[in-house]
């Protein structure tokens, strides 16, 4: 493209300080360096992780910063050494990468790339420790290697998944984070047998995707656990068959679930990150064969406490990161599931706003309205 090798001036939503509305600014985006790509973002969406680090309550504040990591776009230009993708390719940016060289990438059992694993505190590119964004010569920091709240962004090539160009980017962009995290937690990690019973703790975006994954895997009972009863009706669309609100009971929720299921659920997936919910999700699975999968990210000082007999009685506890998907290897296949109509991504998308109104997406999330809000970069 004519812009290759040159600085691009474009619009970006800049967070100047914690918790303050984003400001649409003209930024300069430098060309990609070795093993980097510059991507034209067409659609992006707001994920709770963006809000969490934008609020920066207890996290390292890195500002000014361009947030955003759930998106779809087209490669504008590539840096030296990039052979996997070319200008014009359709891609999904991913907050965690796959270098394809490290021990994790070479292992069939891991997706925790040594080089490109998520780092929320780093606001610069790993190649040279510098930002590719600037305003009047002053750096604007990156977020989790993606920074998709910008018309153009620069990423390491290991953080983009090349996908089918026929796939609608305004739909499949949500597959680059939350949807795949929940879906994979069920399909790849919990692996519920056909006809089994699954409990899903937390019916936000990731929990609904986990319920969808359990439904696709063939679970016959999917019990949604949430403190907000207004989420129950929505969750039926994602396969939930029953609901438990812990507030409605005067006994621990793991006991309620055990009574409902003749001794415990076959699988549970915990999507809140609340340490008590994590413990409940483990203790509610059936002895002998029950498997609990932890997805939600806990408070940094949280401690998981349970009696060792819960393990000795043959319950299994697993953790997962990004649904155990390797971004570059596996995400194109998840997109193909959508193209074959095996995934109903549309149910996930409840709102859409133009880029100029990006702060509306933050307002919707603050009010707990909807699931995903698509931000349209061009109109």
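From the backbone N, Cα and C atoms, a Cβ is placed for every residue, glycine too.
Binding of Zn(2+) 1 is annotated in Swiss-Prot for 47, 49, 69; the matching candidate from 113, 159, 173, 177 at the same site is 177. The Cβ of residue 49 (Zn(2+) 1 binding site) has 20 neighbouring Cβ atoms from other residues within 10 Å, across all protein chains displayed. Residue pair residue 372 (NAD(+) binding site) / residue 105 (Zn(2+) 2 binding site) shows a Cα separation of 30 Å.
Other than the site residues 47, 49, 69, 177, same-chain residues with C-beta atoms no more than 8 angstroms from the centre of those residues' C-beta atoms, the Zn(2+) 1 site, are 48, 50, 68, 70, 95, 144, 176, 178.
Apart from 99, 102, 105, 113, the residues listed for Zn(2+) 2, the same chain places the Cβ atoms of 97, 98, 100, 101, 103, 104, 106, 114, 115, 116, 158 within 8 Å of the centroid of those Cβ atoms.
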